[in-house]
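K.L.:
Mind looking over this structure? Questions follow.
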Amino acid sequence: MLSKLASLQTIAALRRGVHTSVASATSVATKKTEQGPPSSEYIFERESKYGAHNYHPLPVALERGKGIYMWDVEGRQYFDFLSAYGAVSQGHCHPKIIDAMKSQVDKLTLTSRAFYNNVLGEYEEYITKLFNYNKVLPMNTGVEAGETACKLARRWGYTVKGIQKYKAKIVFADGNFWGRTLSAISSSTDPTSYDGFGPFMPGFETIPYNDLPALERALQDPNVAAFMVEPIQGEAGVIVPDPGYLTGVRELCTRHQVLFIADEIQTGLARTGRWLAVDHENVRPDMVLLGKALSGGLYPVSAVLCDDEIMLTIKPGEHGSTYGGNPLGCRIAIAALEVLEEENLAENADKMGAILRKELMKLPSDVVTSVRGKGLLNAIVIRETKDCDAWKVCLRLRDNGLLAKPTHGDIIRLAPPLVIKEDEIRESVEIINKTILSF
């Protein structure tokens, strides 16, 4: 009875957040009828009834996307300023990536790694040469890449650095986010992620982000095998470290024989105006994690890049994935990377991001207290009042034709697809400005 009441309360809350036009058009449509396709309200109610309540989506029911735009089931068009957390950097349904997927799906989709396939090696050669690493280990999701990096770091710590077996430590930064598996939440400092899910993975330690003295103290422990860090913290609210931080990380890790692992799942692949966010300081990590835009949003593909000294510490049978390195995912990833190259999307992200931040800085400071970011990974901080907070701003942005999502309470991440043009940036800023001025 209590769970039913909670479900009804959730549905009621969703209804209150929907477009007034949606609510009026569908107020009596609590189930699909023969008169037409499902309404937004029907879709909200069905998900609430049959799906786990582990997400709190913005109430909009989308059915298609193209480039920088998405459309809901009622046909309303929106600017996409989330890009599926950066996964659709190449734009929704990019024709080259779609064509690559179609061409492969009729030939061969999955073999497992029990056999060779004719696409994996092509992908491996391409991505390792592109990023100048000896080897790549293909996986599917971003969190799998993180898990893989942790295993590689521990094995390297034992076989190369000489750490006593099962004593290896990995250091992370406060505010990190790389997924919601038990390993990932074991490094988290966000109670929403970890509270109630212990016991946690041993051998994980955290230090303040953007704090080189704290890192130096931590690395003096001879049992530390690696420091894993986001060049810009995405989920924490697009936290950009001080200039020189990544250079300092590289120097300290080298000095203390500790692996520098760059989590570029969200920041990499042109998002910040460079191929990798670490490229802003011209540093080379020992390991790089890639995902999200590695498939252009069509298919889960992730990767760990490193050199032989690290990668070859793992032998056959010691790590793998049924789907990792499958021919369909590899063909899609090749096309997704080619789009980034051929369309100069890192350069476009750099230019469009500068324009976006310049315009966002003009927003009234009594509502928007801060603007930060690099390339097209940006955020605004909302001054919370009784009548205004980040969630309410996002609801009103939706009503005005732009989709964004709060992160960490008062922060709104603004990360459109990298194919966005200047006139589209300026039109989007007009929507943001109109929305902010309405509070």
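Placement of Cβ uses the backbone N, Cα and C atoms for every residue, glycine included.
Pulled the feature table from Swiss-Prot, pasting it below:
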TRANSIT   1-25  transit peptide
MOD_RES   LYS49  N6-acetyllysine
MOD_RES   LYS66  N6-acetyllysine
MOD_RES   LYS102  N6-succinyllysine
MOD_RES   LYS107  N6-succinyllysine
MOD_RES   LYS107  N6-acetyllysine
MOD_RES   LYS292  N6-(pyridoxal phosphate)lysine
MOD_RES   LYS362  N6-succinyllysine
MOD_RES   LYS362  N6-acetyllysine
MOD_RES   LYS386  N6-acetyllysine
MOD_RES   LYS392  N6-acetyllysine
MOD_RES   LYS405  N6-acetyllysine
MOD_RES   LYS405  N6-succinyllysine
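What's the neighbourhood like for each of these?
P.N.:
DSSP classifies LYS49 (N6-acetyllysine) as helix under the three-state reduction.
A strand conformation is recorded for LYS66 (N6-acetyllysine) in the three-state DSSP classification.
In the three-state DSSP scheme, LYS102 (N6-succinyllysine) falls into the helix class. Long-range C-beta contacts of LYS102 (N6-succinyllysine), restricted to its own chain and to partners at least six residues apart, with a cutoff below 8 Å, are absent.
The Cβ of LYS107 (N6-succinyllysine) has 11 other Cβ atoms within 10 Å, all protein chains considered.
According to its DSSP assignment, LYS107 (N6-succinyllysine) is coil.
If you take the C-beta of LYS292 (N6-(pyridoxal phosphate)lysine) and look for same-chain residues 6 or more apart in sequence within under 8 angstroms, you find ALA84, TYR85, GLY86, ALA87, SER89, GLY142, ILE265, GLN266, LEU269.
When secondary structure is read from DSSP and collapsed to three states, LYS362 (N6-succinyllysine) falls in the coil class.
Just so you know, the Cβ of LYS362 (N6-succinyllysine) picks up 11 other Cβ atoms within 10 Å once every protein chain is counted.
Its Cβ taken as reference, LYS386 (N6-acetyllysine) is surrounded by 5 other Cβ atoms within 10 Å in the chains shown.
Annotation for LYS392 (N6-acetyllysine): same-chain Cβ neighbours under 8 Å, separated by at least 6 residues, are PHE439.
In the three-state DSSP scheme, LYS405 (N6-acetyllysine) is classed as strand.
Sequence-distant contacts of LYS405 (N6-acetyllysine), defined by Cβ-Cβ distance under 8 angstroms and a gap of at least six in the same chain, are LEU58, LEU82, CYS394, ILE412, ARG413.
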K.L.:
For LYS66 (N6-acetyllysine), which of the listed modified residues (LYS49, LYS107, LYS362, LYS386) have their CA atom within 10 A of its CA?
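P.N.:
Correct set: empty; none qualify.
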K.L.:
Please name which of the modified residues listed here, LYS49, LYS362, LYS386, is nearest in space to LYS107 (N6-succinyllysine), Cα against Cα.
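P.N.:
Result for LYS107 (N6-succinyllysine): the nearest of the modified residues is LYS49.
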K.L.:
For the modified residues listed here (LYS49, LYS66), which one has the lowest count of neighbouring CB atoms within 10 Å of its own CB?
P.N.:
LYS49
K.L.:
Three states by DSSP: which one describes LYS386 (N6-acetyllysine)?
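P.N.:
Note: LYS386 (N6-acetyllysine) is coil by DSSP, not helix or strand.
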K.L.:
For LYS386 (N6-acetyllysine) and LYS362 (N6-succinyllysine), determine the Cα separation and express it in whole Å.
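P.N.:
Each residue's Cα considered, LYS386 (N6-acetyllysine) and LYS362 (N6-succinyllysine) end up 23 Å apart.
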